[in-house]
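Engineer: TrEMBL lists A:Lys5, A:Leu6, A:Gly7, A:Gly8, A:Ser9, A:Gly60, A:Gly219, A:Lys223 with the feature ATP binding site. Sequence annotations record features per position, and here TrEMBL assigns substrate binding site to A:Gly59, A:His64, A:Gly162. If you look up TrEMBL, you'll see A:1-231 marked as domain 'Aspartate/glutamate/uridylate kinase'. The site 'Transition state stabilizer' annotation in TrEMBL covers A:Lys14.
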2 protein chains.
Amino acid sequence: MIVLKLGGSVITEKDRAETLDGEALGRAADAVAATLEAAGQGPGGSEDETADLVIVHGGGSFGHHNASEHGVTTTDGTHDAAAALEIHGAMKTLNQFVLTRLLERDVQAVPVHPFSAGHRDETAALEFPTGQVETLLAEGFVPVLHGDMIAHAGSGATVVSGDELVVELARDLEADRIGLCSTVPGVLDDADDVIDRISKYKDVESVLGASDATDVTGGMAAKVRALLELEAEASIFGLEALDSFLRGEPAGTTIE
Amino acid sequence: MIVLKLGGSVITEKDRAETLDGEALGRAADAVAATLEAAGQGPGGSEDETADLVIVHGGGSFGHHNASEHGVTTTDGTHDAAAALEIHGAMKTLNQFVLTRLLERDVQAVPVHPFSAGHRDETAALEFPTGQVETLLAEGFVPVLHGDMIAHAGSGATVVSGDELVVELARDLEADRIGLCSTVPGVLDDADDVIDRISKYKDVESVLGASDATDVTGGMAAKVRALLELEAEASIFGLEALDSFLRGEPAGTTIE
């Protein structure tokens, strides 16, 4: 089972509000469709062989503009339903674009909107039941989740990032591999070369800095730290290496 | 805590595909807004007093046409993601209309899409985690659910009816009262008069017939039987009595 994150910056034009990067999304959808077809799914395949791929996408220029307009983050919430719906709606619009591109390529993609499914408790811990995702997978669907709003005990509704969902799903569903398709070809060292493997945070502290846990939606340091805590092997790579990752070949930086 | 079902036939023109009954929906939204305002929520109220109202709406002319076109029911499923999305999309469109009418009246309504949240197991039993609904309620939101598609082990995706969700939510959330706002003023006897109270199915078998359990989305017999099994008191009434029901006054037929 693979959990694949498509970075919001990969599939949208991050500097222009609510603007898709249609070409990049098309390339990502091509790679997913080719992998599933090769695995026996898709137009030529048998229904018995299931895909076992979960996709999570970020918000890019869809969610982030709306969220910052309303001052909503992963920790600062809102009790204003209209504000929550504006952010949630922007993410659903992007999700619909992603689904459409996948369906056009005969990928049996269906949406799972996190705002409808999960919540945070009083300690801000994410509770995300995954029975629906497991059932969809077993039935041969490709569940597509996304960064979203989420009910948050004591704070109204806050943001849940795609990265948080990836970690939660990988743990709950006992993923074999995790892929983070990003705008960079991997974790870069001081000379801007891709670091092949990371097995302890200490190895990369000099380049990524001693990030603390507050950096939830953000930077590379938080991603690497979260991925190091998981059982599954994770890779961080650029769009050009998505094919390789999905075929099971080395791609970008591998985090053990 | 109240679980209120707005029947699909009440808020849509059931004979015309994807046609809202805007006037009826407006009246229902007025009644909800008035109740919440009186309870201290809404524009004049304090944020500390929470609403504790969950709304579930049916599909009416939105879901049903699409579902029957694809031959999808609560028991006959589909593995075609495009078909599932067409039905799910129609229900989301109707849900957006309901949310908009409520938000216009300062009801802090937010969507909970069942396809994203629940599933059916191999025995077709509905599994519907409610942590998100509980958290939304505690934060003062009014969660709005609806009949929808749902992942179904062994059958792909089937339909989940609004009535099933009402029963599930009422049980899980230990609702105090359940209201089914319908196109009829209550359960009618042989002379078409509203029956005030029903406490055993035997009381109404002569008028409703000896329905069996297969009638899941459907008729009055199934509704009455499901409601009789619940702890909470339930009422079946017409739109003209929604105000009374929400104020805690007798409305239509009460099922103990």
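Cβ atoms are placed via backbone N, Cα and C, with glycine included.
Could you place these features in context, so I can see how deep they sit and what lies close by?
Structural biologist: Taking all protein chains in view, 28 other C-beta atoms sit within 10 angstroms of the C-beta of A:Leu6 (ATP binding site).
Remark: A:Gly162 (substrate binding site) has A:Lys5, A:Gly7, A:Gly8, A:Val56, A:His57, A:Gly58, A:Gly59, A:Leu145, A:His146, A:Gly147 as non-local neighbours, by Cβ distance under 8 Å and separation of at least 6 in sequence.
Cβ neighbour count for A:Lys14 (site 'Transition state stabilizer'): 20 (other Cβ atoms within 10 Å of its Cβ, all protein chains included).
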Engineer: Tell me, if you would, which residue among A:Lys5, A:Lys223 (binding-site residues) has the fewest other CB atoms within 10 Å in the structure shown?
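Structural biologist: Comparing Cβ neighbour counts within 10 Å for the binding-site residues A:Lys5, A:Lys223 gives A:Lys223.
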Engineer: Using DSSP reduced to three states, classify A:Ser9 (ATP binding site) as helix, strand or coil.
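Structural biologist: Once the DSSP labels are grouped into three classes, A:Ser9 (ATP binding site) ends up as helix.
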Engineer: Test of understanding: give the count of other CB atoms lying within 10 angstroms of the CB of A:Gly59 (substrate binding site).
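Structural biologist: Here the count is 28.
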Engineer: Taking A:Gly7, A:Gly8, A:Gly60, A:Gly219 as the binding-site residues to compare, which has the smallest set of other Cβ atoms within 10 Å?
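Structural biologist: Minimum Cβ neighbour count within 10 Å, taken over the binding-site residues A:Gly7, A:Gly8, A:Gly60, A:Gly219, occurs at A:Gly219.
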Engineer: Measuring Cα to Cα, how far is A:Lys223 (ATP binding site) from A:His64 (substrate binding site) in Å?
Structural biologist: 18
Engineer: Quick one: which of these binding-site residues, A:Leu6, A:His64, A:Gly219, have their CA within 10 A of A:Lys14 (site 'Transition state stabilizer')?
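Structural biologist: Among A:Leu6, A:His64, A:Gly219, the ones whose Cα sits within 10 Å of that of A:Lys14 (site 'Transition state stabilizer') are A:His64.
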Engineer: Please state how far apart, in Å and to a whole number, the two most distant Cα atoms are among A:Gly59, A:His64, A:Gly162, the recorded substrate-binding residues.
Structural biologist: 12
